[in-house]
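A short write-up of the structure that comes next.
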Amino acid sequence: MLKIIIPTMMLMPLTWMSKPNMIWINTTAYSLLISLISLSFLNQLGDNCMSLSLLFFTDSLSAPLLALTTWLLPLMLMASQFHLSKEPLARKKLYITMLILLQLFLIMTFTATELIMFYILFEATLVPTLIIITRWGNQTERLNAGTYFLFYTLVGSLPLLVALLFIQNNMGTLNFLMIQLWAQPLPSSWSNTLLWLACMMAFMVKMPLYGLHLWLPKAHVEAPIAGSMVLAAVLLKLGGYGMMRITALLSPLTSFMAYPFMMLSLWGMTMTSSICLRQTDLKSLIAYSSVSHMALVIVAILIQTPWSYMGATALMIAHGLTSSVLFCLANSNYERTHSRTMILARGLQVLLPLMAAWWLLASLTNLALPPTINLIGELFVVMASFSWSNITIILMGTNIIITALYSLYMLITTQRGKYTYHIKNIKPSFTRENALMTLHLMPLLLLSLNPKVILGPIY
């Protein structure tokens, strides 16, 4: 594991020691190398000593998320160049350092062996994210968004700490590998119900569950581009990862406790998709679509069958790349028109034909068109929930239709129609942006050729 963690740490001195004209090139190139190293953790045997130590370990659930995290850093750096071009040098370096620090915390969170260690790192990711949102966001509402983000996550995860300490006292260990061997079945009683809620609530807020999702659109809309990308692509996955890990402790109780949360997720999924149809703000629309996709993942994890777990892991990876590319496209519009309102930036197909192609591809991946990995994830989740209960297909089907509707609505509003006069002389799309979109969409298509590397621990 150190072969990823130590190079990531050394990216920080690299940033501060680089010449001013080499900052972006150096950090992007080296972070890309690190992300290529992390690919070696995919598809490995479960029992090799490479992936196991007392502090960090990878298995087939954390390896795909680890690869996603490391893959995202070079993409975030590529996306932020224009956004920071007018900032002074020290501030650019600080921004890059914050991204690297966040990356470091995320890598360690996904590979921690102990639940307390996982909790500490889970909370540590808040600090760089908060600084990125509140320091480099675009509007003054970013302070409000930062407060929402911080307090929702903190209040949600405090009971988890108490629950973990209680479990530590009872079991004597919180090691992930020991838990799977030693976990005692939890009978349903009042105290165990509260324990279950305390363990799950932190991750439900992070996912976010419908009803606890108010921080997400705010944080997404106000964050700078790299903040939005890492929030959508990796921070939401912490919730899913934590839920999958901690259900080993709560085994028989989950099947009894999951009903209200599954109903809420299924209902919230349809509701947030419908909210997307009413949005005027482009980033807000993408944020709400994230909520609806993550609701699918919550349902899949709570069903707790091997099939649904595979669907959940595939969907998490797919959603990470898809929402990230959509935020990049929204940002490229924002950099040219200085507005997130879709009606003000319409008809861009005439002016940016290549960007329109990227918009089309991104919208189609968002509505889970084959041959993308999104389809595989959604298909698995829908089939697993259908075999769990036939009635869920009503809400699932409705959600799939509404997803197609808002994806096409977003595409048509931004690309079609008569363009407004204030955007006649905008810049053409840069090579940097085209490379960025390619690096997002390539994995989505390539993974569908060999999906077993991201289908999680059960495959």
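Positions of Cβ are set from backbone N, Cα and C atoms, glycine also.
If you check Swiss-Prot, you get these features:
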TRANSMEM  22-42  transmembrane segment
TRANSMEM  60-80  transmembrane segment
TRANSMEM  98-118  transmembrane segment
TRANSMEM  147-167  transmembrane segment
TRANSMEM  194-214  transmembrane segment
TRANSMEM  224-244  transmembrane segment
TRANSMEM  255-277  transmembrane segment
TRANSMEM  284-303  transmembrane segment
TRANSMEM  308-330  transmembrane segment
TRANSMEM  350-370  transmembrane segment
TRANSMEM  391-411  transmembrane segment
TRANSMEM  435-455  transmembrane segment
Leading stretch by Cβ pairs under 8 Å, where the reference is the transmembrane segment (255-277) and the options are 22-42, 98-118, 147-167, 224-244, 391-411: 391-411
Tertiary contacts of the transmembrane segment (147-167), as residues 6+ beyond its ends and Cβ separation under 8 Å: 115-116, 119, 122-123, 126, 129-130, 133, 174, 195, 197-199, 201-202, 204-206, 208, 212, 214-215, 218-219, 249
Surrounding residues of the transmembrane segment (308-330) on its own chain - C-beta under 8 Å, 6+ positions past either end: 61, 64-65, 68, 72, 75, 79, 220, 225, 228-229, 232-234, 236-237, 240-241, 244, 282-283, 286, 289-290, 293-294, 296-297, 299-301, 340, 355, 358-359, 362, 365-366, 372-374, 376-385, 388, 433, 436-437, 440-441, 443-444, 447, 451, 454-459
Considering the transmembrane segment (350-370), which listed stretch of 22-42, 60-80, 284-303, 435-455 counts the most C-beta pairs under 8 Å: 435-455
Residues from the same chain, set at least six apart from the ends of the transmembrane segment (284-303), whose C-beta lies under 8 A from its own: 204, 207-210, 213, 216-217, 220-221, 232, 236, 239-240, 243-244, 247, 254, 258, 261-262, 265-266, 268-270, 272-273, 275-276, 309, 311-312, 315-316, 319, 323, 326-327, 330, 340, 342, 366, 378, 380-381, 384-385, 388, 392, 399, 403, 406-407, 410
